[in-house]
Amino acid sequence: MLPRKREIVAGEVEDLQKKTRAGEGEVTREEGDAAMAGRGNEIDEDLHSRQLAVYGRETMKRLFGSNVLVSGLQGLGAEIAKNLVLAGVKSVTLHDDGNVELWDLSSNFFLSENDVGQNRAQACVQKLQELNNAVLVSALTGDLTKEHLSKFQAVVFTDISLDKAIEFDDYCHSQQPPIAFIKSEVRGLFGSVFCDFGPEFTVLDVDGEEPHTGIVASISNDNPALVSCVDDERLEFQDGDLVVFSEVHGMTELNDGKPRKVKNARPYSFFLEEDTSSFGAYVRGGIVTQVKPPKVIKFKPLKEAMSEPGEFLMSDFSKFERPPLLHLAFQALDKFRTELSRFPVAGSTDDVQRVIEYAISINDTLGDRKLEEIDKKLLHHFASGSRAVLNPMAAMFGGIVGQEVVKACSGKFHPLYQFFYFDSVESLPVDPLEPGDLKPKNSRYDAQISVFGSKLQNKLEEAKIFMVGSGALGCEFLKNLALMGISCSQNGNLTLTDDDVIEKSNLSRQFLFRDWNIGQPKSTVAATAAMVINPKLHVEALQNRASPETENVFNDAFWENLDAVVNALDNVTARMYIDSRCVYFQKPLLESGTLGAKCNTQMVIPHLTENYGASRDPPEKQAPMCTVHSFPHNIDHCLTWARSEFEGLLEKTPTEVNAFLSNPTTYISAARTAGDAQARDQLERVIECLDRDKCETFQDSITWARLKFEDYFSNRVKQLTFTFPEDSMTSSGAPFWSAPKRFPRPVEFSSSDQSQLSFILAAAILRAETFGIPIPEWAKTPNKLAAEAVDKVIVPDFQPKQGVKIVTHEKATSLSSASVDDAAVIEELIAKLEEVSKTLPSGFHMNPIQFEKDDDTNFHMDVIAGFANMRARNYSIPEVDKLKAKFIAGRIIPAIATSTAMATGLVCLELYKALAGGHKVEDYRNTFANLAIPLFSIAEPVPPKTIKHQELSWTVWDRWTVTGNITLRELLEWLKEKGLNAYSISCGTSLLYNSMFPRHKERLDRKVVDVAREVAKMEVPSYRRHLDVVVACEDDDDNDVDIPLVSVYFR
C-alpha cells in the first residue's frame, strides 16, 4: 500500500520499528503520535476509494485517529491485525509473549520457518508494516498490564485465560471513555467472539445503508395522514422508521424538518403518525427521506455476561441449540488449560474425557440455565482439535473481529451483541479418525493434521485446483490455500488466471500487492507472493480470461484433470461461464462474492446442489432514456447522463473522426448504407469536430467549453420549458410537471462561481487533449487568469424554436428521430465532410479519451461531477462532491478487507469437504452475511431440480452420451427408445435438424458430425472425441421435455 506523506513518516516509523525489534518493549502513545504527526487526517481517495464507498470520510477520519492492541499473534491475531492495517487505523500494537513454532505456520501467513524461535509479535511487525506505511505497527513483548491498555481505543485478545480477560475487561469497561474490549478464540473448527464497548456505546449508523427516500404523490388531511408516493420505485420504509419531508407544496407544515414516525408501511404508501387535518391542503411535490437516529447500546462486562449471556447471535438455525453448549465448552477448555497449563492432545481419550467432565461440572452450577443434554460427541471434536488454529477459521473470524474493531473506533455499523459462537464440525472427514491419524509429523501442517488427519492432508497437497481471479478475493484465497497446503506436493497443481493488472486502488484490500507492482499482471504477482508464504506451493499463473475464446487454453484435458474450481470473480458474466463449464465437466465450484460489508458463498457440488445459474438476481432497474435526458429527479440520473455526455464528446466522437480520417471511402460508404438517423447524427458530430468546433489553441477549447455550458445548462432548459411550460397539461388533463418530474430552471453562468469555472476549465483541458493542444499551467486551477479567459467568450443569445420534438415516452430507446429526408441530408453532410477534410493538415488525428475514474489528476471526474452538479442545479436536485460522483458514475463496487476475508474463510471450510469427498448435501453450507448489522445466515444448499420422464430422471448435472459416429436418424431413434420424440437438433447457434423443414429430412442419413461441420461450421479440435448437441423433445402427449445435453462420441 502506498504511504501518505511518506517523506515525513518513514524515518520515524523505521526508528520505532527498530526499537520494537530490539526487544525494548512497546512504543508509547506519545512516540506514536509524534511519528504519525505528519500523516494528519487526509485521505488518499485514489487508494481508499472502495473503502470510502463503504465507510465515508468521517468514519475513515475516526479510524485514522485510533490506536488498537492485538494480543495473541497466532493465525487469528495475524488476520485481525492484517485487516486493521489495511483499514488504516492510526496504530496497531502487537502483543505476544510466546515464540514462533512450526505449528503456527498453518495459520499465520506472516511467518516462515526462519522465524521459528523468535517472538511472534516481533516476527510479524515488518511484514504487517509493509501493508500500509501510514499505520504505525509496533510490538509489545512480556507481561501485559492494565496500565498498558489505557493507551488504546480498542483492545483485542485471541489467547487469554478467562480470569485474565475478566480482569482486563473490568478495567476497560470502567474507563472514561471506555476502552472497547474484544475477546475471540479459534479452537479447531470452533470459534467464539465476545464484545464489550462499555456501559453506553453510541452507534452513529446502525446499518451503513443510504437513507431510503420516496417521491410524494399525495398526502391526506387526516389523522393519521396517508402518504402516497409515485410508483416509480417501491418504498423501503418499515414500520417505526422516522422520516422528514421537504419540497412539499401546499401542506408546507411538513417541511419543518421534524422527524415523524411511519406506520402501516406498504410498497407505495404509508401512514404518518401525525394529525394533518388542520394543515394546508397538499398541492404537489415533496420528498420524504428516512432519518437514521443514533442508537445507544448498553454492554455488560464479561464477568456478568458469562453468567447471564442473554440471547446468542445465531448463524445456522439447524444448530439452534448449539451456542449454549459452545458457551459451556469454551469455559471447560479454559478450566483444562488453567489446571494443566496446556491444550488437550489431539486424539487423547483421557484429555477429551476431562474436558467433558469439566463441562458437566460447570453445567451443574447453572441453575435455570442448565442444559438438559450435553452432546459428548461434539465436545469430543471440540476438545480434540482445540490446540489448532486453522487458517479458514482464522480468516473468517479475523474478518468478523476486524469489523468489530472498526465499529468500536468509529461508531459505524451495529456492534455484535455480545456473544457469537460458530462451528464447522461438518468439515471433518466422513470416516472416523483414528488417534494415530492425528499425530504431528514435524510439519508446517501439524495443526491441520491434528484436526483432519494425515490422509486428508495428503489429498489437499495433491489437489488440482483452478482459481479464476486474483483480486481481493483471489489474494485472500491464495493466502489461505498456501497455508492449508493445497497443491503443495509434487502431484498437486494450482492454476491461477486473471487478465487484469494492478492499480493503485487495489492496494487497500489486495494485500499480496505493493506500490511497486502497479501496472504488473495480478496473477503473476499474486502467485509469486503466495509462494513466499509457502515455497512448496505449485502454482501456474496465467493472464488469460476464462471465456469461450480461450477454450484452447482451458481445454477438455485441463478441465477433466481438476479436483475443484474456486471463483474469485467480480462479474456475473464470468461466473455464469465458469458455472457452465463446471456443470459440463462435473467439477465442484466454490463461489463467493462481496459488496461492502456483505458477503455470500455458494457451494456448487456435482449432483448434490443446484448450479450457480439456477437462480439469478433480477436485473438492476434502468432509468428510462427520457428521464435521464430531460426529466431527471435524482443525482443518479444526472451522473448517468454526465457519463454518457463525457463519452460522447471526448471518446466516441473523436473515435468517429479517426475512423473517417483513416479510411474516408469505407466510412462514407457505411454511412450511406445505414442511411438512418444515427448515421446522420454521427456525420453531424464529425463535421462539428472538424469545422465549427475545431480547436487550434487552448482559448478555442475554453470557448468550446463555455458554449457547451450555455447549451447544456441554459439553452436546452429554456427550450424544454418553452415546449412544456410550467402549467402544461397532458392529453389526459393531468399536470405535465407532476411527480416525479421536476420543473427545471436555467443556470446563469458566472466566472466567480468556483464550481462553474472549475467545470469549464476541466472540460477545456480534456477538449484540448483530444486535439493535442498544450495545457497552460494557469488553466489547471480556478484563478483570475482563467476567469478572464472564460469571460472573453462571446455567447450568442438564445431564441427558442417552435415545433421541437422532445422524447417523453418512457419506453423510447433513442433520442434521434427518423426522417424521410435522412438519405438526402446524409448526402449533403457527406459533401460537407469531404470539403472540410481537404482543409486538414497532413496526418491530422484526434486523441479519444477513455474514462478513467481512479486517477484524480486527469480531470475526468472533474468534468463528470461538474456536468452532473450543473444538471442537478437545473432541476433543484441536491449536488454531490467529486468522491460521491466517482462512486456512482464510476460504478465503483464498495469493498472492504473484512467481508472478503470472512467469505474466503467460509469457502475454504467447504473446500475441506469437497476435496475429502463422500459428504452429503446436508454437510455443505451456503452463507449470506452482513457484518454491518451483523447478520450471519448459514444454510444447506438447495438440491438440483429433478426432471422425470417415464422411468428416467435427471438433473442439470447429467449429460447423455451416445457412442459411435451415428447419423441424425440414428440419434432420433436412440431418443425414441427413451419415449422421446425429437423435433429439433442444434449445435452451437445453428440448427442441424427441424422436423418442420422438409429439406432437413434430406440430412437424416448423414452423420451428425458431418452435418455440424457443414451447417454450423463446427470444427471439432483433435483433442476432443465428441460433439455436443441440444435436442428439443416431446413426449407422446406432445408435452415438451427438457432433456440433458447430448454428447455424440464419434471418435
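Including glycine, each Cβ sits where the backbone N, Cα and C put it.
Annotation comment: Swiss-Prot describes 56-194 as repeat '1-1'. Counting residues per DSSP class in helix, strand and coil order gives 58 helix, 35 strand, 46 coil for the repeat '1-1' (56-194).
What Swiss-Prot records for 56-605 is region '2 approximate repeats'.
Residues or ranges marked as repeat '1-2' by Swiss-Prot: 453-605.
Marked as ATP binding site by Swiss-Prot on the basis of similarity to another entry: ALA472, ASP498, ARG509, LYS522, ASP570, ASN571. Within the same chain, residues at least six positions away from ASP570 (ATP binding site) with a Cβ under 8 Å of its Cβ are GLY469, GLY471, LEU473, GLY593, ILE893.
The active site, glycyl thioester intermediate feature in Swiss-Prot is assigned to CYS626. Its Cβ placed at the centre, CYS626 (active site, glycyl thioester intermediate) has 16 other Cβ atoms within 10 Å.
Here the candidates are the binding-site residues ALA472, ASP498, ARG509, LYS522, ASN571, and by Cα distance the one nearest CYS626 (active site, glycyl thioester intermediate) turns out to be ASN571. The secondary structure of ASN571 (ATP binding site), as reduced to three states from DSSP, is coil rather than helix or strand. For the recorded site, ARG509 (ATP binding site), the DSSP three-state label reads coil.
Every protein chain considered, the tally of other Cβ atoms within 10 Å of the Cβ of ASN571 (ATP binding site) stands at 10. Largest Cα to Cα distance within the recorded ATP binders ALA472, ASP498, ARG509, LYS522, ASP570, ASN571: about 18 Å as a whole number.
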